[in-house]
Amino acid sequence: MTAFLTTIIVLFIAVAIWQMVKIFDLAQVGNTNSQVANDKDNTINGYLMIGFLIFIYVITIVCFVKWGDLPLMSNSASAHGPQIDNLMIISMVIIFIVQTITQFLLHYFAYKYKGEKGRKALFYADNNTLEAIWTIIPVIVLAGLIIYGLFTWTSIMNIDEDEDPLVIELYAQQFNWTARYAGDDNVLGMANVRLIDIDKANVLGIDESDPNGHDDVIVKELHLPVGRPVLFKMRSQDVLHSAYMPHFRAQMNCVPGMITQFGFTPTITTEEMRQNPDIIDKVAHINEIRVENSEAVEARGQDLRYEFDYLLLCNKICGKSHYNMQMKIIVETQEEYDAWMKEQKTFKESL
Amino acid sequence: MSAHADIHAHDDDHGHHHKETFVTKYIFSQDHKMIAKQYLITGTIMGVIGILMSMMFRMQIAWPEEPNVLFEALLGKWAPEGVMDADIYLALVTIHGTIMVFFVLTAGLSGTFSNLLIPLQIGARDMASGFLNMVSYWLFFLSSVIMVLSLFVEAGPAAAGWTIYPPLSALPMAQGGSGAGMTLWLVSMAIFIASSLLGSLNYIVTVLNLRTKGMSMTRLPLTIWAFFITAIIGVISFPVLLSAALLLIMDRSFGTSFFLSDIFIQGEVLHYQGGSPVLFEHLFWFLGHPEVYIVLLPALGITSEIIATNSRKPIFGYRAMVASILAIAFLSTIVWGHHMFISGMNPFLGSVFTFTTLLIAIPSAVKAFNYITTLWKGNLQMNPAMLFSIGLVSTFITGGLTGIILGDSALDINVHDTYFVVAHFHLVMGISALYGMFAGIYHWFPKMFGRMLNKRLGYVHFWTTAVCAYGVFFPMHFIGMAGLPRRYYTNSAFPLFDDLADVNVIITVFALVGGVFQLVFLYNFFSSIFFGKKAEKNPWKSNTLEWTTPVEHIHGNWPGEIPHVHRWAYDYSKPGHDEDYVPQNVPMKDGEEELQH
C-alpha cells in the first residue's frame, strides 16, 4: 500500500513539474515573438557563464578541501608507492593549471563577446603560429609525462628475482580470497583446478605429487614481513577477479587459465600505520560516523568500532557478492611473521 | 549505381511523383529525414530508460540499507520489501551502460544527425541507398526491442558489466544474468552491429559520391567530416566486436573454448581448456576504445558547426580541425590496450599503449584551443544549442584532462576500475556527447520538424543540466582516488569507505535533480513538435546547404535544382558583405578571394 501511495506521489510530482513547465511555456505566448536569442538573452546567459565559471572553481576548491586528503589515503605503504604518488601529484598539478586557465578563457570569452545587435564579429579564420604553439606545448609536456610514466611503470613491473622475493599465491574464487605461501623452499607447488579435491581438502588443486607443494601453506589472512620484497602469483578458479591493494598502490587481474603476477615491498607495518596521525584522524572520523549510524552498522553484523587494516579488495566485477570480496592484510616485523608462520600447517600436514 | 541514377532522375520532376501511403511515409520510409526522426525518437525513448536506471542505482549507492518503494514498484521481485537485490543492481549498471553507449549515443546521436545532415549539407537528394538506410533503422529498432525485452527474463538481464568479460558472462552458474539474459544481450548487439555497419557504409558512400557541384572535400562542413570519419572507424572496428560476440556465443552454446580455460565452479570442473579471457578483452576493446570516438566525434562535429554559426565567425583553424579528427581517428585504433594495463598482458605492451594513448591528448588539445579561439572576438548568439556547445567544450576539457592520469599505466594501477574512471569517461564521452546531441537537437529541430523549440525552456534545461553534471561527476573523481571500486552494490561492507558515504549522497542528489529536469526537455521536445512556433527557412542565419531547403519536407530535398557550392561553410562576418553570413551557394563576388584553407 505504501509502495502504491509513494509511486502515486512521485507521479504527481512529475506531473506537477510537467504542468509548471507548461504554464511557464504558455505564459510566454505574445511575450516573445522569436525563439532565436536576442540581446537580452545574450546578456543574461553571458553573466550566467561567469556564474558557472565561479561554480566550477568553487566546486573544485570544496572538493579539494573536503576530500583532497582522501586520495593519498594518508601515505602509501610500499616501496614503489611514493613513485606513483609523485607522478600523480605532478599530473594533478598540470591538470589543475590547464583546467583553471582553459575554463577561464572559455567562459570569459563567452561572457565578453556576448552578442549585440549590429556588431560584427572579427573575420579570423587561421593563424599557423598560434596553432603551432598550442600543438608544441602539449607535445613537450606530454613527452615529459610519458617518459616519467614509462620509467615508473618499468621499474614497478620489473621483478628482480635476485632479491629473493617471498613468493605468495593469491587465489581468487567467487567470492573470497585464499593465499598460498611457497614454504621453506620458496617454490610454489604445481596446481590446476582440475586437481581440486574437496574431500581431501585440496581446495586449490595443488599437485600432490609435486614435492615443491608439500611445504606450501594455505591461509585466509595475508601476513607480510615488512621490508622484504613479495612476489604475488595470481590465479582464479572461476571468473575474472582483480587483486586490488590500494594502500600498496598494487593491482593485478586474476585470470582463469593463466598465472599473473605483481611484486612490491611493504614498508610500513600495520601497527606503525595505525600510529600515523593522518590515519588516526581518518579512523576517528570514520568511528564518529559509525556511532551516528550505529543501528545500521549493527544490523549489518559489523563491529561498531573500526580499526585500521590493510585490505585486499576484488576490483573486477565477479558476480552477486563482488562488493564484499575481501581479505585482511597484516604487515608485521620479520619475528612476528616467523612466529605466525610457525603456527600454520603445511599442505602435506593438512591433507 | 541505380540509386544514383534514380536520384538524378528527380532533378527533372522535383521528386513529387511517388504516391506515398502512411506506411511508406512514416514507418517503412526510405527518406533520410524521416529515418533521422525515427532514430531520434527511438534513441530518446532508450535514453529515458537508461537515465531512469541510473537514478535507481544511484539511490541504492547513497542509501544502501533503506527500503525504497520506488524499487518495489519498478523492480518487483528483484526488490523484496523494497530492498534492491545485488544481482539486479549489477544488471541495472550493465544495461545502463549498454543502452547509453550504443543505443543513445551511437545510434541516437550518429544515426539521427548523420542521416539528417549528410544529404542536406553535401547537397544530395537522399542517401546513396535509401533501402539500406531503412533496413539499418529497422535493425536498430529490432535490437532495441530485444534489449528491452531482455529486462524481463526470469533469471534476470545481463549483469556482467557493459564490457561482458567472460567467464562471468559465459557461465550461467556464475551469475543469473548470464543465462537467457546474456543470450538476448548478444543477439541484440549482433543485430545492432549489423545496423550500424549498414548505416556507416551508406554514410561513407554518400559523402564520397553524392556531393553537389563545387562541394570539394575541403569545403565540407566539419559536421560532415566528423560523421564521415566516424563511419570509417565504425566500419573498421564494429566487425571485431561482432566476431567477439559470435565467439562468445560459440563458447556459451556450442562448447568451444575461445575465451575459457581451467574453470572450477559450483563444485565441478568444466571441460574448457586453452582459451583466454584476455583474448576477449583485446577483441572487445579493439572496438570499445574507437567506440568512444564514434560517440564523441559526431558531437564535436556538431559543436564545430554550432559554435561557428552562433559566434558569427569562421571556425578557427579549419584545416587543423580536420587534421585533428583524422589524427584522433587513427590513434583511436591503436590505444585499446590502456583498458588492459593490469589484465595480465605483457607489461611491455603497457608501455606501448601508454605512449600512443597520451598522444591523443595533442589533437584533443588543438580542438579545445580552436574552439576557444573561435569564441574570441565573436558576436555570440546565446541560443540553447550554443550553450550546450560551450558546455561540451567545458566538460570535454575537464573530462579529457584526467585521461592523462588514466592513460599512464603506472598511475592506472591504483585508479583502474575505481570511480575515478567512472567520473572520467562520463564527463569526456557521456556528458560531452549528450551535450552534443542536445545541441544538435536544439539547432536542427526547425529543420526536422519545421517548428522551433522554446528557447527559455532550453535555457532552464541547459543550466540545470550543466550544474548537475558537474555536481555528479566532479566529486566522483575524489572517491575514486580514495580507492572506491566501481560496480559495488553497497560500500558498507568496508568500514574503510564509511567517510565517503556523504559524498555519495551528494552525488545522488545531483543525479536525481538533474534527471528530473530532463522532463523540461522532454516536454519542450514533444510539445514543440505539434505546437511550437513555426520555423523560418534559416532561423540561425547559417551558411550550410540544409537551410536552403524548404521548411516543409519534400522527397528529394530541393524543389528545383540542387544548389551549387561556391565557397566553404564558414564565411561568417566576412568583410565586403552586408550580412554577417554568406551561404555556401552564393557565388563569389568579383575579386573576392576564397580563403586558402
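Each Cβ is built from the backbone N, Cα and C atoms, and glycine gets one as well.
Among the features that TrEMBL reports, transmembrane segment is placed at A:6-24 (among others).
Panel annotation: around the transmembrane segment (A:44-67), residues 37, 99-100, 103-104, 107-108, 110-112, 114 of the same chain, lying at least six beyond its termini, place a Cβ under 8 Å from a Cβ of the stretch. Under the heading transmembrane segment, TrEMBL lists A:44-67 (among others).
Under the heading domain 'Cytochrome oxidase subunit II transmembrane region profile', TrEMBL lists A:64-160. Each residue of the domain 'Cytochrome oxidase subunit II transmembrane region profile' (A:64-160) gets a DSSP state, and the totals for helix, strand and coil are 66 helix, 2 strand, 29 coil.
The transmembrane segment feature in TrEMBL is assigned to A:87-111 (among others).
Summarising the annotation, TrEMBL assigns transmembrane segment to A:132-151 (among others).
Marked as domain 'Cytochrome oxidase subunit II copper A binding' by TrEMBL: A:163-343.
Counted over residue pairs separated by six or more positions, the transmembrane segment (A:87-111) shares fewer than 3 Cβ pairs under 8 angstroms with the transmembrane segment (A:6-24), which leaves the two as not touching.
Using a Cβ-Cβ cut-off under 8 Å and counting only residues 6 or more beyond its ends in the same chain, the transmembrane segment (A:132-151) has close neighbours at 87, 90-91, 94.
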